[in-house]
Amino acid sequence: MVTPFSDELRKYRPAFERVKILDATLREGEQTPGVSFTIDQKLEIAKKLDEIGVHMIEAGHPAVAPDVYEAVRRIAWMKKEGEIRAEVVAHSRAVKSDIDKAAETEADRIAIFYGVSDIHLNAKHKKTREEALSIIGEMVEYAKGYGVKVRFTAEDASRADLQYLEQVVKTARDAGADRVSLADTVGVLTPWTAQKFFEHMVKAVPNVEYDIHAHNDLGMALATAFGAVMGGATAVHVTVNGLGERVGIVPLQLFAVAVKVHFDVELVKLSGLMELTRMVERYSGIEVPYNMPVIGDYAFLHKAGVHVAGILADPRTYEAFPPEMIGRSRDYVIDKYTGKKAVKAKLEKLGIKVDDDTLMKILEEIKRSNLRFLTDDALISIAEKVSGKVLRPKATENVEAVVWVKVDSNAFTGSVARRLSNIEGVKEVSEVTGDYDLLVRIEAPDHKVLNTILDTVRGMKGIVGTHTQIVLKKLEK
Ligand SMILES: [Zn+2]
């Protein structure tokens, strides 16, 4: 039970169990201002999306540019080779040359879009409603002629005349489209209107599957997608990190986690979501905001003393779902709002135990410092100052560490390796197979120096991930 009204929502569980996820990161996501993925990045993202179990991948609009064409072709090829299982979708305008290009890529499905509101018909297409109907019918049939699955996207469907929209969907269906996407192009639907809208359309024009493509202009996209599924939509369009035109569409991670929380249905492998988050942050150059739900840095970071006390007693007090669900962990901010329990918990996490008296003094000192964020190091310093004892783990002499390094796919591994070898303290750099690219052996006189070296390694351009292990003791041969 999530709320006392959950039972009412639960009756929609079967709808959420069968809903398909279409990820459009590679198509809609690349329409985010400033975003352009390389072909290799697209292949990597597609593989990861497939790995977590996304049902459909909208790979791009092949007629837009040669590299987009090439990416769609290669993703379609991966499907043919059995490297991925997801259905591969190619986007297309309702013109023959676009459809030809899309068909050439050998994608599983061609998705043809056409604006169907009077605003789009008049301002963009300059066509009458009747003219548009015949174009839609003709182009869907033309694409069908290639022997592929066809989706028709009714662009700006949420602002179209409802009776006319029925005619549009009938036309597309009768011409051979097995799916019709009703696009909320400017994000004006709400959960309630979306549900009504889809209920109406499913009843008025049956025997075709409906997709919801919801934009987030009013921050409603995720909620709209929920309403649409409750109304009968059987596919939801999402992107990783919510990328897309303007402010984007439904974020994959948020939709997947919300469905899990409310219906206990795991549509995709939730444990793979954070890796996708980071990958798309890196390749798009757009970082997720700190306060983004589910995936933002602050999603499980607790601050007020009362909150932290609650969390320490039972995490459910201030968490809708446990961070472990998506492979994350909770943490506490230490600042002037902090309570005794948080400081105690934080110190214990750092392996430091202090008596109550010292704890109170540390807390007073923290409240006086008025820092926005107190780092672990600063906290230990305060604790040492107050207690008059050395509390940090003693520096052992001659520490040794091995660091596994993942190199950005855009960076040249050889040059990263060379720069690493130039760092003082780095004794050996080897290229390795597997999840990481390089193995670095470091020797340092003490932990402090080691940490400085590690910071240099982590901050080096071209390095996207590291995993450090301290050598405990050398075993004899
Ligand atoms: Zn869109």
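Just so it is clear, glycine is given a Cβ too, placed from its N, Cα and C backbone atoms.
Where the annotation comes from TrEMBL, it is an automatic prediction and has not been curated.
Mg(2+) is bound by H213, H215 in TrEMBL, and the record lists one more residue there from E17, E28, E30, E400, which is E28.
For ligand 1, the neighbouring binding-site residues among R27, E28, H91, R151 are E28, by Cβ distance under 6 Å.
DSSP assigns H307 (active site, proton acceptor) to a helix in the three-state reduction. Closest in space to H215 (Mg(2+) binding site), of the recorded positions given as R27, R151, H307, is R27, taking the CA atom of each residue. Rounded to the nearest whole angstrom, the C-alpha distance between T185 (2-oxoglutarate binding site) and H307 (active site, proton acceptor) is 39. For the domain 'Pyruvate carboxyltransferase' (19-274), the mean pLDDT of the prediction comes to 98.
For the recorded Mg(2+) site, residues E28, H213, H215 set the reference point as the centre of their Cβ atoms, and the other residues of that chain within 8 Å of it by Cβ are A24, A183, D184, T185, A214, A221, H237, T239, G244, E245, G248, I249, V250. E28 (Mg(2+) binding site) carries neither a helix nor a strand DSSP state and counts as coil.
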